[in-house]
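Taken from TrEMBL as is:
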type    : residues               : note
SIGNAL  : 1-24                   : signal peptide
BINDING : Cys142, Cys145, His146 : heme c binding site
Amino acid sequence: MLKNISKIVLSTALMVGYASVAQAEMSREDYAIKFRRGGYTVLGWYYGPLYRMAKGEMPYDKALFLRNADYLAVLSKLPKDGFIPGSGAGETKAKPEIWSKSDKFKEANDRLENESARLAELAKTGDLDAIKVQFGKVQKSCKACHDDFKNKAD
């Protein structure tokens, strides 16, 4: 498992390294937006199969679920670092409440991290009923943050 997490960290470091070249040509705020959007894109990549398995839209694969849940637990910690002061303008769906209600935003992020970590722990058991309940909690934490802190698409 540590080997898989090391792969995530290495991949993320490489993405950041390559992106740092692009950063030289954009503002720190624009780079923060790019960073967090990229983080959520990667998070979504691993979330998708978890969602489909939990909803019965694809067959449950314990190894795949465990791997993706472990990745989700790590990746859920990353995007929040991209919500720096001044990065609420530009090409972003971030609501101003992220900064004006930063304590509430932090609580929402902490909830996602905690629920994702709990999902990763439960995934080890293979208890699909318990996993589905916990996945619902992860999903609820995502939705709550989107509802409160993300502008809807045009």
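Every residue gets a Cβ built from N, Cα and C, even glycine.
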For Cys145 (heme c binding site): intrachain residues, at least 6 apart, with Cβ closer than 8 Å: Phe105, Ala108, Asn109, Arg111, Leu112
Other CB atoms, at most 10 A from the CB of His146 (heme c binding site): 14
All-chain count of other Cβ atoms within 10 Å of Cys142 (heme c binding site): 22
Helix, strand or coil at Cys145 (heme c binding site) [DSSP, three-state]: helix
Additional residues surrounding heme c, by Cβ distance to the Cys142, Cys145, His146 centre under 8 Å: Ala108, Leu112, Ser141, Lys143, Ala144, Asp147, Asp148, Phe149, Lys150
